[in-house]
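As recorded in TrEMBL:
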- 8-257: domain 'G-protein coupled receptors family 1 profile' (DOMAIN)
- 26-46: transmembrane segment (TRANSMEM)
- 58-77: transmembrane segment (TRANSMEM)
- 164-186: transmembrane segment (TRANSMEM)
- 207-227: transmembrane segment (TRANSMEM)
- 239-257: transmembrane segment (TRANSMEM)
Amino acid sequence: IYLVALLGNGLIITAIVCDHHLHTPMYFFLLNLSILDLCTISTTVPKSMASSLWDTRAISYSGCVAQIFLFFFLISAEFSLLTVMAYDRFVAICQPLHYGTLMDSRACVKMATAAWASGFLNAVLHTGNTFSIPLCQGNAVEQFFCEVPKLLKLSCSDAYLREVWLLIFSICLFFGCFVFIVLSYVQIFASVWRIPSEQGQQKAFSMCLPHLAVVSLFVTTATFAYLKSHSTSSRVVDLVMAVLYAVLPPTVNPLIYSMRNKELKKAL
């Protein structure tokens with residue numbers, strides 16, 4: 001799975017950088033998404049692979065801090081970028097005459113920078129808050145990477161409630177972005193249905209539906225993983241949910257965005 005993610009995202013990054021025909025807003029955001037996907041899966045899976053190969057389950061304290069910071073940074077930035085990509089599709093389909101003005105190079109750079117900056121801020125808040133909590137119930141994290149809910153279980157202080165509320169606040173922000181994406185697609189689909197050409201409708205749907213599917217998968221699995229009750233928690237379910245929201249999207253995103261994209265195939 002890791003090799004597939006490396007190859008898929010690496011090819012997309014190379015194609016977009018090297019082919020000047022792909023220097024458009026849509027592919028600029030896709031380039032950023034591939035970089036985020038490549039970094040996200042590299043934050044968790046290589047350490048898990050090394051632990052399996054060398055038959056060890058140890059991770060240093062600083063390594064755990066770095067893993068949580070990078071994971072929150074990349075995941076938050078990725079979801080912000082997915083929201084920006086939904087806006088890009090909305091402008092392209094619903095306001096095509098204003099696309100060149102609204103999505104010029106300066107605006108694209110600003111939106112991409114805002115996505116990365118929001119991820120950085122979210123990561124600083126969660127990492128600082130999580131590791132300010134005293135951990136006094138052992139040091140075994142029952143997950144293949146350092147995950148905040150698993151670390152909170154090791155705390156015997158009421159201070160962990162601060163991080164719980166911060167997690168809920170972040171999930172509410174993510175849900176707000178998800179609602180924005182859904183509303184954008186409602187207007188997009190309403191515009192698509194008015195396209196007289198059946199070929200034009202199919203092209204628009206094939207461009208929009210994969211993005212919406214990735215967003216839905218990410219939101220549902222991450223929300224379940226972070227908000228499920230402890231009574232329904234089991235090690236197998238936790239592992240599956242973590243794989244679904246941490247490993248699967250970075251792997252399938254390049255496949256989804258390149259399978260039916262003729263321009264990207266030609267560049268590759």
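We number each residue from 1, going along the chain as drawn.
Positions of Cβ are set from backbone N, Cα and C atoms, glycine also.
Mean pLDDT for the domain 'G-protein coupled receptors family 1 profile' (8-257) in the predicted structure: 84.
Cβ atoms under 8 Å from those of the transmembrane segment (207-227) belong to residues 75, 79, 82, 85-86, 89, 93, 148-149, 167-168, 171, 174-175, 178, 181, 185, 188-189, 192, 238, 241-242, 244-245, 248-249, 252-253, 256-257, 260 of the same chain, restricted to positions at least 6 beyond its ends.
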